[in-house]
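Visitor: Starting off with a structure, shown below.
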Amino acid sequence: GDRCPPGAAPAPARRTQRAAAAAAPLTCGGRRPRRRQGRGLRAAPEPRAGVEAGAGWEEGREGRERRAGAERAERAGPGRGGGGGGGAGAARAAPCRAAPGTAPPPPGSGGSRRVPRHERRAGGVQQLRGGGGGGGRGEPGRRRAGTPWGQVGAVWGWWRQERAAFLLLFLLFLVLTPLRSRSAGRPRLPAPAGLLGDPEPEEAVSDDSSRHGGRVRGFPHERGNWATHVYLPYIAQEEFLELLELLVSRARTYVPSLAAMEEFHLSLSQCVVLRYHWIEPFVRSLRERLAAFHRFFCVADQVKVYTNQNKTRTFIGLEVSAGHFQLLELVSEVDGVLEEFDLPTFYKDPSFHISLAWCVGDLSGRLEGQCLRELQDIVDGFEDSAFLLRIQWEQIRCKSGNKYFSFPLSTPDG
């Protein structure tokens, strides 16, 4: 072709399948422009006037601009037109095939050939990115990654790709933070519905002895340990409270710190410690063992002075004088349940009694003797005391922490 550089020879013609295609004129590079039409081949149309034969595929204004760029690059010589990804003209004008024995034309020398469409696209993308060997001055495209602005652009591109994940994490943080702060101040979950009695699951804890009249715990409190006691409750009548007032007023002449009891009961067990998850099976076992017992009577008419095991408190009580047999049978069943849980049983030779008053410390020496005789005289001389102190027990109760469980005693007829 007339656009091949000096010293370059056109490439040899390829063999075609048809003889008609062999007679077609050659273009730059020795290739015949062919156009498929069905299964046959036909020669390219003749170039229009004013258009070079070797550039028949370029038409109009775009073709002229490309040729002008190639000529400018050829006149400029090596080093100005740019390398593989340089200016627009060099990107479009590739060197032709060199003749044997001659060196290939230098990069950017202005040789032209028909550039396939995918190469033209790749060259355009490379120009936009500013890559390639020489790059020409002032080419369009983004700033290079090595410059500070290029680094900013790289960071911005990364942020655009990852911003969805960051926004999702930020929204999760906004949602979970208030929920965590609310849960920190929420009360604990309620006790399981299977537990009877007070639904409050936590035992109220207060080791301040001044709030309990100076009483001291028999064992230290630990979270999850529930003080448990089995007893027969006694509902005091008005006449019984009158007798109590007489007894306490006389006993205070010997021990002024004596205080009357507010609730009355007859103990069937010591105060033992139960783990919280033991409460339900403990109560169930008690209910099974005590289901066969009936209501019964006992008489509590003997005044007696008692102290606890640690000698930290002193009591005045009414000892049971009749009804020991039924009480011992109840204690035997309660002891059986305590043994199932490896807990201490009741005393070997128990003195069943109803406590009337108490004071802090071991003051039994002051209350025994003359004081005790005077108190017994008051009980014996009280009107209808024999009927008043004959007590019928109708239920057994278990107290564990702040929970109360009741076991009614059936009537003999039922």
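For all residues, glycine too, the Cβ spot is worked out from N, Cα and C.
Just lifted these from TrEMBL, have a look:
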ACT_SITE  H265  active site, proton donor/acceptor
ACT_SITE  H353  active site, proton donor/acceptor
COMPBIAS  10-25  compositional bias 'Low complexity'
COMPBIAS  58-77  compositional bias 'Basic and acidic residues'
COMPBIAS  78-89  compositional bias 'Gly residues'
COMPBIAS  90-101  compositional bias 'Low complexity'
COMPBIAS  129-138  compositional bias 'Gly residues'
REGION    1-147  region 'Disordered'
REGION    187-214  region 'Disordered'
Visitor: For the compositional bias 'Basic and acidic residues' (58-77), what does DSSP give as the number of helix, strand and coil residues?
Guide: 17 helix, 0 strand, 3 coil
Visitor: Restricting to the same chain and to sequence separations of six or more, state which residues have a Cβ under 8 Å from that of H353 (active site, proton donor/acceptor).
Guide: L266, A300, K304, Y306, G317, L318, E319, V320
Visitor: I'd like the Cβ neighbour count for H265 (active site, proton donor/acceptor), meaning other Cβ atoms within 10 Å of its Cβ, all protein chains included.
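Guide: Around the Cβ of H265 (active site, proton donor/acceptor), 16 other Cβ atoms lie within 10 Å.
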